[in-house]
Amino acid sequence: SFTISLHKVDNTTVTIKLKPGLSPSCRMRVKSVIRSELKIKPGENVTFTFTCSTPEKYFIMEIQKNIDCVSGPCPFGDVHLYPLGLPRLNRTYIWDVKASTKAGLELKFSTSWLRQIEPGETCPDSVSYNISSCIDKAMVNIGTFCRNGSVSRIKLLGGVVMSLHLPWHLPFTTSGFNIANRASIKRLCIIESILKGESSITLMSPNYPLGFPEDELMTWQFVIPPNMRASVFFHNYSLSNCERKEERVEYYIPGSPSNPEVFKLSDSQPANIAGSFNMSLQGCDQDAQNPGILRLLFQVVIQHPQVDENVTHLVDLSKEKNMTVTIHLEGWPSSTLLMSEPMCLICRDPRTCDRVLTLTSGAVYRISFLCKDLSRLRITAEKGIGCMDIRWCQRKIYSLSVPKAITRLPIRLHKFIWKLLATDLINVEITSPSLKLQQHIPEQKCNTSYSYSIVSATPETELNVGVFCPGGSIEKIQMRNNITISLKTFGKGLINESIPQDLKMSFVPHIKDECTFTVRPNPKAEVYLQTPNSPYGLPPYVSISWFIVMPSKQTARLVFSEDRMGIACETGRAYVNIKEEAPGAEEIVRREDELLPQPRNMHHDFWVNVSNCKPVDKTQLTLQFRVTFADKQIDLGIILAVVAGAGVLTVIGLTVYCVKKKKKKTQNPMVGVYNANVNTQMPGKKGLFGKGRQNNESHVYAVIDDAVVYGHLLKESNGLVAPEVDVYRPFDGPIGSLPPSPPPFSFRKDIKCSSNTEEEPPPLTDTDQDTYTFAHQKSGQSEDNGNANKKDKEDTSVPLLENKEQDGLVE
């Protein structure tokens, strides 16, 4: 059993009651009477028992003591916990002290001091204090505090309600504070905070976050060790709607020529303060209809003076336009800076410092750092470049390089963002003439210290073009509409301009495809290329093109990593188009329901175009191919064909010559056909050879009409192959610097000669080192070793070379 005896002069009341929301599984018995709640008033003596063995699970206890410091003397000194011998329950001691508004009441805390916490936060040891003040019968919550902090004293105007919450298992004998009487403070309260060593504390305005009382004034006093520096940061605040006066913050700083220093809550607050200082919050007369809320949560950081705090760094942004530079701690803004230990501060001047500093273009800054380890600081910059009229910006070339004002700072550049803005009919062209770009994909990863992430945004869709780094084969990228290019560094990043940059941008007229790549590989390069927006796939109805420029005297091998596109279309068709930039080159077209082209050799610059449809399901089009190069080889068959053709022409020439000579012996030459006596040479030095062209008849030749020799072929084919419906779509991507010449006549795989028609050899031309493969045909059969795919009949105007075993791509 428990006996609680209360003296009447102590003016203390004890209440034991069930925890809210619990059923009365356990009760109290007082003189054989069962109760769920027991209230013991001053002067009473009560003995009771619990009906269960674990009453701490069901009951809580409140001990309230009323102290009148207006009509009687105040019990100054330590406040003890009374009465003794209470049951081991979660308990709350409440001291309600009445005091005159003309005499301030001071609460002093023991050596552990207090730490203010936000509403809803709990203390690690479950021991908490709550302090409220009475103003004109209205209660103002000064704050909730835990033990082990920096708050040493609180002075309050008028009365105070002090609450101490203790858990049932901790044996406490003292409250941890005492009451002292002082003169009137003429403000709501004064909170004293004593800081020792490098640390940071968080404090809040009274009634946070509900709102600071109207037209009130309060003060925080900070005691700083003489060899330390203090900085103030506002993390969360809001303003009320003022009718009169203005909400503000005032500082009394030792040695300041303008005490008090007045700041708005939106200003950067003082930093690098040497010595103790005061900070006051002043409210205003609020609008009765719409008062708003004045509240403030702030942090004070204490740290040692830095050795290099007087070293300034010049950041000249006077010639830059539309650019911002932000210097911040690593992890910003995702990481919280509120309760972390003091680390690094960036200062615009000795007293204006912050953990995040933003500089804008058009000005010159001298900054310094209060930081032990600059390696934890980062720079993030952003620059905007726009074009609203192509006439003014078409010929301008912009350098997308990090300004020297940034690279010369002793801080690592984290990211530099260029936002390129243009109207619908103006596009962006990115070039890297010397370094070129490499697309970052699993088969071809970047290992450089920085890379570019390129995103194209149109009104319909956002296309992640990809991640690129220097040292590849992509010379130019053309994109539609607004572009965001982000340079991101890795490792040591851009330090002291040691890494070259070669990225330029210009605005160009409208292009048809969403994105066009110009690829100019080195002769020994193996280039992997992939559709943008990986791994999510190409958006519906988007068309992408690659123009591969062949190295001199090289042959390219084009290999797709998959056999099919791997999608099914709900609306429209997906296509892959391949076309060489050569006279007579045939365009190779594949739909999404067809096999992709087999590995093939390309002898000229060529295009690869991918056009997407609207897929049936969420699977999007992702396509990858690679291009390798080898020296051009002269085919022995071609040499024999050329020699044979030359022999045929020689026989024809000799036959015509003999016929001509025979006619000259039998009849006179026709007047006007040829006069051998006319000198057709220009006067000049006589040649080394005695017999010139005018002395022989090697220039006499017969004109043979191609239509006579090959007419039967032209009649059968008309030079065309009628495409199947919805199988072939002409390639409508960009063309090269010169339009393709009309294609020369050549044998086609799908042109068959009549069995009763004698075949004639095709005309041979001496071309510029270009090699051609002639498909010799038999009646009703095309030459492909009998292994040609019937679905690929339209892809035979440039016959494939002999298929060789290809190296597979690693999935």
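Cβ atoms are placed via backbone N, Cα and C, with glycine included.
Listed in TrEMBL for this protein:
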- 2-69: domain 'CDCP1 first CUB' (DOMAIN)
- 78-181: domain 'CDCP1 second and fifth CUB' (DOMAIN)
- 187-290: domain 'CDCP1 third and sixth CUB' (DOMAIN)
- 314-402: domain 'CDCP1 fourth CUB' (DOMAIN)
- 413-493: domain 'CDCP1 second and fifth CUB' (DOMAIN)
- 513-624: domain 'CDCP1 third and sixth CUB' (DOMAIN)
- 636-659: transmembrane segment (TRANSMEM)
- 736-811: region 'Disordered' (REGION)
- 770-788: compositional bias 'Polar residues' (COMPBIAS)
- 789-811: compositional bias 'Basic and acidic residues' (COMPBIAS)
Problem - Which of 2-69, 78-181, 187-290, 513-624 contacts the domain 'CDCP1 fourth CUB' (314-402) most, counting Cβ pairs under 8 Å - result: 187-290
Fill in the blank from the handout: Taking DSSP H, G, I as helix and E, B as strand, the domain 'CDCP1 third and sixth CUB' (513-624) contains 0 helix, 50 strand, 62 coil
Practice task
Please average pLDDT over the domain 'CDCP1 first CUB' (2-69) for the predicted structure.
Solution key: 92
Problem - the domain 'CDCP1 second and fifth CUB' (78-181): DSSP-derived helix, strand, coil residue counts - result: 0 helix, 60 strand, 44 coil
